[in-house]
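> Dumping what TrEMBL says about this protein:
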type	residues	note
TRANSMEM	65-84	transmembrane segment
TRANSMEM	91-110	transmembrane segment
TRANSMEM	140-159	transmembrane segment
TRANSMEM	179-200	transmembrane segment
TRANSMEM	207-231	transmembrane segment
TRANSMEM	243-260	transmembrane segment
Amino acid sequence: MQLIPKPAPIFSNYLLSIGILALLLGRSWQAAFADLPWRAFFWNQTIWQAFLSEEDYLLFFQEDYINFFSWGMAIFWSICALLLPFFKQRFLAYTASLSLLFLALLFALSKNLQAPQFWEYSLQVCWPLLFVLTARQKWLLWATGICFTAHACYALGLYPPPVDWLNYCMSFLHLSAAAAKDFLFFMGLLDVLAVALLFWPKSRNLGLIYCFSWGLITALARPLANSYAFLDLGDFTLYFSEFLVRFPHFLGPLYLLLFARR
């Protein structure tokens, strides 16, 4: 049964465009003004010692060069954000996706190669490709399932849950640390259930409604849980950018809810 009437198809393009603008402009701001984990790669001498002498390594990966690279990525992501909604070029889509894949690898590298840290960015990596892929809904469904499975791995305690997650629960719900862990465990179970529902056509809508709702709540938690940041422009833009880059986490399920073939 279709719970929500399908809107006009042109609205699907608006959702994709809003998602890419939020995601890439958010990452662009972070590359320019925040601290993305470039150094987990460039300052990892184990990676480079087979290719560079110690002298060359120290020369190439100075702080100024890394900052220059980061600003280059900021410009690249801004260009992709502004062009992709209007010029659906494969080169733009694939390079934007590969750059986000590289960033996901760096986040995982900065967390001792924790697998969920990489896979939780599946929706972000997938999003630029949605402008050029024909099997758009299939890719989006799998990316949604992978993203929420990765969230569940942390919430269930298979990996240490991020401190920020515990702080969000304690701040919004006024829970103790122990109760916050129990709450996250319960939500992790719901994540697993929702992912299972996604791959059973008759229950897919229920899974998508959960993923949309929880994806939106967890994205909004970034700026709202740090409400003190509203008093400082620098802090506010940092946490607001964390909200922006998570637009695919709730727009992806919403897109499938509205436009997936029944």
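Glycine residues also receive a Cβ, built from the backbone N, Cα and C atoms like all the rest.
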> Same chain, outside the transmembrane segment (65-84) by at least 6, Cβ under 8 Å from its Cβ: which residues?
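For the transmembrane segment (65-84), the list is 17, 20-21, 23-25, 27-29, 31-32, 36, 38-39, 42, 92-93, 95-96, 99, 128, 131.
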> State the non-local partners of the transmembrane segment (91-110) in its own chain: residues 6+ outside its ends, Cβ under 8 Å from one of its Cβ atoms.
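Residues 23-24, 27, 36-38, 40-41, 44, 73, 76-77, 80, 83-84, 117-118, 121, 124-129, 131-132 contact the transmembrane segment (91-110) from elsewhere in the chain.
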